Amino acid sequence: MIFLSSKIPWKSKSRLFVSVFLIIIIILITYQIFFIVNQYPGILNRPKEWWDHAYPPRLNRLGDDVVLKNVSSLAKIQYDFPYSAFRKKFIETPEEKELRESRRESIKQGFLHAWNGYVKYAWGSDEVLPLSNQSSNGYNGWGATMVDALDTMWIMDLKEEFKNATEYISHVNFNSSKAQISVFETTIRYLGGMLSAYELSGDEILLEKATQLGEAMIPAFNSPTGLPYNNWNLTRGLIDSNYRSYGTGLLAQVGTLQLEFMKLAQLTGNSTFFYKVQNVTNVLDKAKKKIPGFYPMFISQETGEFLDFDEISFGANADSFYEYLIKEYLLVGGAFDQYKRMYEESIDSMHKYLTREGQVKNRPDLLFLGEIYHGFLPRMEHLGCFVPGMLAIGAKTLNRPKDLEVAIRLGETCYWAYNSTPTGIGPEDFYFLEKNVTMDEKTTWLKQSQEDTVLPDGVYKLNGNYLLRPETVESLFVLYRVTGDKSYQEKGWKIWQSIEKWCKTETAYSGLINVASNKEIIQNDNMESFFFAETLKYLYLLFSTPDVISLDDYVFNTEAHPFLRMKP
């Protein structure tokens, strides 16, 4: 019997084998590409700069000395939005696309309006005063607005504005401070802003400047416990080894530095940055607590012990510490179980001690988030409206479905606080009536004393200040990305229309003195840099396709600067 193959010439046989081998390789590569684009929708549409420098940030190291061998993908966070074949294109009707893009363009134009006002009246300063057209320098005069706005400009494809700001930043000396600076604000705005912009753009000068600043801030951790001081003079800290800046530590300020310094360690290879902030986490973890998972707001840098166990809040002075626990876990792909444990303990206690139903007519779905101040205090802060977004991310990451239910109810309350004022803008904080609690004499007096304010149903006291804060739109953005519910886009659009109506000035945008006034609505001549970094970015992303800064690829710092997450 003669086999057919024996009749094939040797050269033809070799070519046949090579061809079959190449076909198999092509099939395998095609399968891998299909798998990747399904795991990460929109990845093929990423800009060239992303590919050029994407690999180093994904190295699973926190500096050269810390190699993470147990990084995992973690559970998918984002809703399974519809995409076309190979997930290249987000599926929507022409009418839906036109509406979404017109709204996104409106927000982009709002950014440009505010940015041009800053450029004209306050270029190089920290912030512009949007009524008086003056400048202010509350953040050391390094140009906080331009640093905070960098990644927003990149995401909005404002490359010329990005280039001009980066050129200015390249000449800033981040080794020197004229006076004491806030370690917390400097970290989240400047360090976070430059690191995120570097990862998005690949511009090496931004990493160079971030490293310069990070190194200058290291001496601020030289307390007996390693907890950083709230304020620090960079110039003096670099030349005087005996310099100390005493003062009681605040939970949010000592506990909201981890993401930025961990990312800096990852990008530079210098593990010292990681060791400093991991020590902070360890000190806070070991400190005595009255209720598991509840970290009091005040702590001593000298002893590492909390100072008042009866002040617990997810609002001012504490908020971002809790936020960072789940985000640290996401950044390192679950490599540190400590972050997960601390987060879950905190959220379990939050459910038990801080959430309450109210007395709003026909709204039994609303859930309120209070505080502990020597007993339960029914006060809900705008700052606390990041919690729905945090809970939604944690619910998907850690498979905690109850957290998502609570996130949706709290998110509705945060939006209700906006929708219940004459301006359609939420207040700085308000005191609510708990379910089945009768008003006492003090509560009645507080309500009657606010005769110049329109109080929403179920509220007896309200602080109507509005500082252009982002927390509510942040949670609307996250809830949309997690649930796919387009009603969150409608709510975000309604808030943006209110901001346009009441906050816009000839120069930029201004905060308000009382959003619930029954008289004149007065602007406060203030525009924080976080309006560019957070409020406008979250609104813009709310109307972008879901692959733009996907929550499955990025984690946001508390100033809304996105960092690439580690992947296995």
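Glycine is no exception: its Cβ is also placed from the backbone N, Cα and C atoms.
Keep in mind that TrEMBL annotations are predicted by a computer and have not been checked by a curator.
Now, the feature entries from TrEMBL:
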ACT_SITE  GLU185  active site, proton donor
ACT_SITE  ASP319  active site
ACT_SITE  GLU428  active site, proton donor
ACT_SITE  GLU471  active site
BINDING   THR558  Ca(2+) binding site
DISULFID  CYS385-CYS414  disulfide bond
TRANSMEM  16-37  transmembrane segment
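Residue environment of GLU428 (active site, proton donor) contains 20 other Cβ atoms, counted within 10 Å of its Cβ in all protein chains. In this structure, the C-alpha atom of THR558 (Ca(2+) binding site) lies 18 angstrom from that of GLU428 (active site, proton donor).
Rounded to the nearest whole angstrom, the C-alpha distance between GLU428 (active site, proton donor) and GLU185 (active site, proton donor) is 20.
Distance from the CA of GLU471 (active site) to the CA of CYS385 (disulfide bond) is 5 Å.
If you take the Cα of ASP319 (active site) and the Cα of GLU185 (active site, proton donor), they are about 14 angstrom apart, rounded to a whole number. A distance of 9 Å separates the Cα atom of GLU471 (active site) from that of CYS414 (disulfide bond).
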